[in-house]
Every structure is written in C-alpha cells, then in structure tokens.
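Chemist: Annotation source TrEMBL lists transmembrane segment at A:25-42, A:48-70, A:91-111, A:117-138, A:145-164, A:170-196, A:217-236, A:242-262, A:300-317.
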Amino acid sequence: MTQADAPALSTTQPEDFFQLLKPRVMSLVIFTAATGLVVAGADINPLVAAIAILCIAVGAGAAGALNMALEGETDALMRRTRGRPVAAGRLKSNDALTFGVVLSIFSVTLLGMNTNWTAAGLLGLTIVYYAVFYTLMLKRRTPQNIVIGGAAGAFPPVIGWAAATGEAPWQAWLLFLIIFLWTPPHSWALALYSTGDYAKAGIPMMPVARGAKSTRLQILIYSLVFVPVAIAPGLTGLGGPVYLAVSGLGGLLFLALAFRLWRSRAGDQPDGIGKSGAEVVGREAALYDVRAEAKPARNLFAFSILYLMALFAALLVERFASFGAA
Amino acid sequence: MPTYLTPDQLQARNRRSLWIALGLVGFIVLIFLTTFLRMQSNLAERKAMAATAAEATR
C-alpha cells in the first residue's frame, strides 16, 4: 500500500471536540447553575461545589455535542451554524455522538457520586430533554419548539440547587421559570433577523411559520409575562433590594425594547415577496436588505442576554454579601 | 499491511491521544477526590451521631 492508497484517517483536532461542547452556552450554564447552588444557602464543601458545577457544565456540553451530531446536515445550511465541526465536515457525526454519550454518562455518574442522585437525575433528564425531545422531536415539528425546548436551558439553576441541598423547592423552580419565560423573546428576536436561514433549513421557527408580525406580538406578550416573574424573587425574599432594583429597572427597559420591536417592521419581508419558505430562500439577499429595520430585534436580543446575566449576578452578589455580613 | 499516515494525520492523532489521556487522568483524579470527600463527610457524620448517642446515654 502506498501513501496515496492509505485509508483516509481523521485529521480532527481536539479543538473540534471542544467546539462540540458549545463553550458560550456552557459559560451561561456555569453561571446560572452556580447561582442556584450558592443561593440555595446550604453548607457545601467548596471542592464538592466546584466538581458539581464542572459536572453540570460538562453535561450541558454533552447535550450540545449530541445536538450537533444529530443536526450536522441542518447546521450546514445556516450561516450561523455552518462553521460547526460536524457541519463543516471536520468531524464525523458518529464521533460527535460517541463523544456526547460518553460525556453524558461520565458527568451524570460523577455528579451523582459527588453530590446526590436528585441532581444527577435532573442533569440526565436535561440531556435527554435537549438531545431527544427538543432536537429530534420538537425542533422540526412545531413553531413552539423554542418555548417547550427552552426548558432544557432552564434546568441548570435547579440542578445547582439540588446539588447543594438534595431538593428542588419552589424557589429553585422560580429561577427555572425566569429562564424558561426569557427564552422565547430572546430566541425569536434572533430568529426575526435570521428568517432566511431557518427557512432554508426547514425549521419552523415562529417568524417562518407564522410571520414576523405575529412573532413580534408574541415577543411582547411573553415579555409582559416574563418581566413580573423576573421581579418576583425580589418580592419573595429570594432576592434583596439590589435584585429588586436590577430586575425592576432592567425589566422596564426590556419591556420598552419589546414594545419598540412590536411597533417596528423587524423581520418583515421586502415588498413583492410572498410568505412561503421557498420564496424567502429565493430572495435571501433581498430579505437581508431589511437589516436596518431589524435593529430593534437585535437590540432586544442583545439586551436580553445582559438582563438575564444581571438578574443572576444580583442574586449572587447579595448572597455573597450576606455571607460576608454573617 | 502497513498504514501510512500523512504528517497532518499523525499530528492530529497524537494530539487527540494526548487529550484523551489528560481527560482520563482528570476523570480519575475527580473520582479520587469525590471518594475522599464522601468518606470525610461520612466520618464526620458518624462522629456527630456517636457524640449525640453518648450525650443521650449520659
């Protein structure tokens, strides 16, 4: 056998495997899980807490790897995702699948051994929910995909809380509810200026399936429900005055941006273009010409990330301040 | 039959092997730490229970 006849062996780099873990999503998971763990207020060994957070982060990464393994072909069709390792052909989907399964088993097992099996069970449930329920079953079937699937991203603070106490009381589920209700306005704001991509990939995101006008209205409705829930920890004793100020002022800004988006023409197709996905794909370039009008959507998308981080940061700061005072 | 690797394939394989080794070592260290911490907390718990029992019998 000559060198030229040699079977094609992989040139996949370790960085490609790291990219499978969706590092940016992982950082948000670490932050929210750590908040749940700290706010629970249990007396937990810092090393146990650090290993628990690592397990939750790796578990979330494993879910991301499974998602990319199952979505390689779809990812290749969208500008936002076409550079991912499987979509770009740098990594075989079977390798990504194996990597995701192995990491899932390792992270859930280690979390169970390290803390308790309630937390481990919730982590396992989150991985299955995201990889199977959301990716395989929901994403392509209903425009409500992001609403129901958003639960997967909302679990980390509950897992963190359960890791610290072995329980998941209503306060932990309130944190869950904040992320759950935050997801639709956040994701649909992004979808409003990526409509062409989703249509091309055949994913029935709300703007593709119901149109931009309906999406803008639903963003406003969800925002009206989300903001009071975001303020609720400040009124129930979970958060203090700092949290109340951050959630209240940020909430008002969130609502103002959602209102501006509702009044805008973000995501509207240029004149002369019909509503079907095929037409959208055919006139993709023209669709992106409305980007200046999509600015309110981008503003809400960007601010939503900042607002969520600020809410959890306020909870953390107040809890650490109370530790310091004690 | 020998398999020839291009320099790129060889380098990629070596790097993957290194990271697999590091990952396994890391996992073993975490299992060791977890076991150690568990034993420590179980011992402390047992001591506290023994102290409570001794207090009750006194």
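Each Cβ is built from the backbone N, Cα and C atoms, and glycine gets one as well.
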Chemist: State the residues, same chain only, that lie 6 or more residues beyond the ends of the transmembrane segment (A:170-196) and have a CB under 8 A from a CB inside it; answer 'none' if no residue qualifies.
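Modeler: That would be 32, 35-36, 39-40, 78-80, 146-147, 150-151, 153-158, 161-162, 205-208, 212, 215-216, 218-219, 222-223, 225-226, 229-230, 232-233, 236, 238, 258, 261, 266-267, 269, 280-281, 284, 287-288, 291, 294, 297-298, 300-301, 304-305, 307-308, 311.
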Chemist: Which listed range (A:25-42, A:117-138, A:145-164, A:217-236, A:242-262) shows the maximal number of Cβ pairs under 8 Å with respect to the transmembrane segment (A:48-70)?
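Modeler: Going through each listed stretch, the top one turns out to be A:117-138.
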Chemist: Return the stretch with the most CB pairs under 8 A relative to the transmembrane segment (A:91-111), choosing among A:25-42, A:117-138, A:217-236.
Modeler: A:117-138
Chemist: Is the transmembrane segment (A:242-262) packed against any residues at least 6 beyond its ends, judged by a Cβ distance under 8 Å, and which are they?
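Modeler: Contacts with the transmembrane segment (A:242-262): 185, 189, 192, 216-217, 219-220, 223-224, 226-228, 230-231, 233-235, 296-297, 299-300, 303-304, 306-307, 310-311, 313-315, 317-318.
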Chemist: Under an 8 Å Cβ to Cβ limit, what residues of the same chain, 6 or more beyond the ends of the transmembrane segment (A:117-138), are close to it?
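Modeler: Contacts with the transmembrane segment (A:117-138): 52, 55-56, 59-60, 62-63, 66-67, 70-71, 100, 104, 107-109, 111, 144-145, 148-149, 151-153, 155-156, 158-160, 162-163, 166-168.
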